[in-house]
């Protein structure tokens, strides 16, 4: 007896396209039974005759497996996509929250404030320290000076040097100021302002990247509104021998 071309002895012949489709639907049905909870399907309904209906496609099914196989088919998936597109089109547009756009502040600078920098050394703790006194006699009403530490790579005026960090002072309408001095270059009694200079209306105090002691009695700042003076003191942790 001749067998179909492409089949092997004892295999029963090559599967037709119809048989492959039936087998594929059966595999999808079994997979859906394992992974899909019909109780959560809004389109699944059992009628009074004991059969099952798809409320989306208006189709009848003899059992749950047959309905699940239908949900994996092209017709059901196409109707799902059409319904989602229609709901998205009919949904009312949600009002967007109003976001205030803050324009960059523009103020006329009146120059740099006066300052006093005192360099200190504590022989008991072997700690270096700085005491800054910045005078702001023309500071804006109800405002307070600010200070900030800045890494070397953040600034664009000098070449980057990872050995240093920067300390900036700011208060309107004054320019941002600072001072440049090498902590280990001279003794505590020498002039700490030996290397003061200005770059593009901004002065910097260059401080070695030594960890700052943030203890309450070692690091503090104070604004005196009567004298219009801003005071900041900082200590560096002693370097290991």
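Don't overthink the numbers, they just go from 1 along the chain as shown.
Just so you know, glycine gets a Cβ as well, placed from its N, Cα and C.
Note that TrEMBL annotation is computational and uncurated.
If you check TrEMBL, you get these features:
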- 98-107: compositional bias 'Basic residues' (COMPBIAS)
- 52-82: domain 'Matrin-type' (DOMAIN)
- 1-21: region 'Disordered' (REGION)
- 85-107: region 'Disordered' (REGION)
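Each residue of the domain 'Matrin-type' (52-82) gets a DSSP state, and the totals for helix, strand and coil are 17 helix, 6 strand, 8 coil. Sequence-distant contacts of the domain 'Matrin-type' (52-82) (same chain, six or more residues past either end, CB-CB distance under 8 Å): 25-26, 28-30, 32-33, 36, 38, 41-46.
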